[in-house]
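Comments concern the structure below.
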Amino acid sequence: MYPLRFEPIFRRYIWGGFGLRDQLLKETGDETAAESWEIVDHGEDQSIVMHGPHSGKSLRQLIADHGTELLGADLASQLVSDSIPVQLRNRFPLLLKFLDANRDLSIQVHPDDAFGSTLSPPDLGKTEAWIVMDAKPGAKIYAGLKEGVTEEAFRAAAASGETPSMMHSFEPKVGDCVFIKAGTQHAIGAGLLICEIQQASNTTFRIDDWGRVDADGNPRDLHIEQGIAATDFARGPVAAETPAADGEGVETLVTCDKFTICRHRTGESVNVGGDGRFRILTVIDGSVSIENDPADKELGRGETVLLPACLGATAVEPTGESEFLEIWA
């Protein structure tokens, strides 16, 4: 196998803008776009390989044909465990996307794995992390409930349309990382460009949509009861993570039972991988060259590559000072 680049999948929601096109050079055309899914294996949403001998194949097909090579022996065996619902077995565990919030996203919550397994059809839970790539003045992140908010108080606020008053919020800066564990109420505010790493789930319980309506004057559906059931009311306010230095030019942003995210800021060659696990690399700023990349071109800002576990240590060569994320499960 070899470094894999995939065709992005674009999502157009009412809150999207032109940031994906103008800042990340995504080919979204003249319509607004909200999200660019860079790596995904979820139902009919499938990343398709762009280059090399596997060009045209889906990520799902690659896992079926080369699961151990792609994922690593340990993860490949975990993904066929009897503890996982049949429909969720042998799937790539992570989804990486970019989001351009031209308007506020809804206040929402995602279930954990146990809750997700009870849905029809079952889905993974959704723990996620955001890396802020651009922030307009005054842009806000809503992350967690204010200290002391109880289920009773939250239920009353949701019933009266006052959910925002229950939310903890802050103004992030470029480079901030915010970890949103499943069960945490949250919303991305207008004016933010975000790189999101998450479990490969698309289950969202929308609690409040700021009173807005679509082009036909209809509000979007809310899922208040499911959302309350999925909420961890002990979680409280969430702040930006404090990175942990992990050597010169590299720091750990998040480590949890679903994924690990490291950030490299360097102008020097770096070797990644080599421990029997896949790596996702995504460029936040600058550009890098990837050893044995059949695309034969640099990986630029907003571009992503998947390094199969079987490759071993792979050299990443920045073009000048660059910043990229290294992610694994």
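Numbering starts at 1 and runs along the chain as it is shown here.
The backbone N, Cα and C atoms fix where each Cβ goes, glycine too.
For 5-119, the entry in TrEMBL reads domain 'Phosphomannose isomerase type I catalytic'. The Zn(2+) binding site annotation in TrEMBL covers His110, Glu128, His186. What TrEMBL records for Arg206 is active site.
Every protein chain shown contributes to the tally, and the Cβ of His110 (Zn(2+) binding site) ends up with 29 other Cβ atoms within 10 Å. Excluding the listed site residues His110, Glu128, His186, the same chain places Gln108, Val109, Lys126, Thr127, Ile180, Lys181, Ala182, Thr184, Gln198 with Cβ atoms within 8 Å of the centre of the Zn(2+) site Cβ atoms. On the backbone, the CA of Glu128 (Zn(2+) binding site) and the CA of the residue listed as 'active site' stand 16 Å apart. Counting only same-chain residues six or more apart in sequence, the Cβ atoms lying under 8 angstroms from the Cβ of His186 (Zn(2+) binding site) belong to Ile107, Gln108, Val109, Ile141, Tyr142, Ala143, Gly144, Ile180, Val238. Counting every protein chain shown, the number of other Cβ atoms lying within 10 Å of the Cβ of Arg206 (active site) is 18.
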